[in-house]
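Novice: Sharing a structure here in structure tokens format.
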Amino acid sequence: MEDSKLPMALRSNLLDLFGQIEREFENLYIENLELRREIESLNERLAGEGQTVDGGDLSKGALKTKASHSTSQLSQKLKTTYKASTSKRSNSFPGKVGGPRNFNVGNWELWGGDSWIVSSFKATTSRAVCQLVKEYVGHRDGIWDLAVTRVQPLVLGTASADHCSMLWSIETGKCLLKYAGHAGSVNSIKFHPTEQMALTASGDQTAHIWRYMVQLPLPQPPADISASLDDDVDFSDKDEADGEADGPSECPTIRVATTTLKSHQGVVIAADWLVGGKQVVTASWDRAANLYDVETSELVHTLTGHDQELTHCCTHPTQRLVVTSSRDTTFRLWDFRDPSIHSVNVFQGHTDTVTSAVFTVGDNVVSGSDDRTVKVWDLKNMRSPIATIRTDSAVNRISVSANQRIIALPHDNRQVRLFDMNGVRLARLPRSNRQGHRRMVCCSAWNEENQACNLFTCGFDRQAIGWNINIPALLQEK
């Protein structure tokens, strides 16, 4: 470190962060050893009766719960540290910014190699119901968010910590366009309801609106990727080789935004278009959400009230309603339907960070949290949830299909699960050593207009995945 060119304050901050991470790992390691001793002791006592306790069965016990909770807390700390370092220090690190691969978290037992700490539900859904169709590979860092365009041609958009956003051909997996106008991590992407415009939010404290024009390539014959494989085999090293590729070499690049929105004093973590596309809302770590006029770029309203950083924002598909999520364990519903009255309602149903809250086509809001639950709320009576889904891992940015209203839950533990609005589990997407995500899954997005590829997910393994979910068969199995 003697020859380091980093400023002393930054070096000290980095050493402190790594010290915190080391202590967290040490505590988990000690807990792991204690759990093993408990099992061995219990097996010795039961040996005389001809019984033994397998470690996997402890997933329902108090010991397992404690370790799993510690894992969730560490995961949240890593995510927050990573987004902050990626965005706030982007000017100090003009090249690749440190991410999960620098911590090398994926190669440690915590992320799935040791059943004592992280477990997953056993999949019962056949591969015929949920199939991987296409992988979209080219980003140099984790992908935080993704969305599908709302006008023709339908393409997939991704937002990555590598400071870029990319547009992809859904059918071929080819990168069609790259947007490189941000100076920090790109944390979200949303498309205009009627025009070829994208809205991206970034750690550089701005949101950008940019126009795009793409031409779809000719479709390629589908590859056979449905080989029989064992679920849950950890292959976390595979992306270390994949990620060193230079990415799409012939992809056209846009470097200048049509409109830049810059009133926040912190990381802009999410942004969305209001119905009609004439206004946008942004959510920031400065604890505020801002409402902007698209044509003039003027700030119309600043929405304050959250006690901690915002994590997400979402707009209603047909009404002037906005929901914001926060680390303060709440989400807020903002009503702009009456120009003279802007009401707000606060909902306190979670015990940890609310990672996202989204509207459905009906009168519901669905919220997901780091407390490992998802709750379904009725807009007409939101005093208490009408359904609660309890899982074994923190939940990231969820999505709900428009027609059948199926909730897709992306998890910290690399799993993606599907539930209905009543909280009934429908499926878990396949994971194996050759397919599925190999790091935390950050976001999910439905696209029911495309029959062949109707669900998309993305994560820290630097790839987005397109899935075919046979919804009629899925509902028939329920």
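For all residues, glycine too, the Cβ spot is worked out from N, Cα and C.
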Novice: Give the range, chosen from 227-251, 302-326, that TrEMBL lists as region 'Disordered'.
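Specialist: Going through 227-251, 302-326 one by one, TrEMBL flags 227-251 as region 'Disordered'.
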Novice: Count up the helix, strand and coil residues in the repeat 'WD' (347-387) according to DSSP, in that order.
Specialist: 0 helix, 21 strand, 20 coil
Novice: Taking helix as H, G and I and strand as E and B in DSSP, count the residues of the repeat 'WD' (303-344) in helix, strand and coil.
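Specialist: Across the repeat 'WD' (303-344), DSSP assigns the residues as follows: 0 helix, 25 strand, 17 coil.
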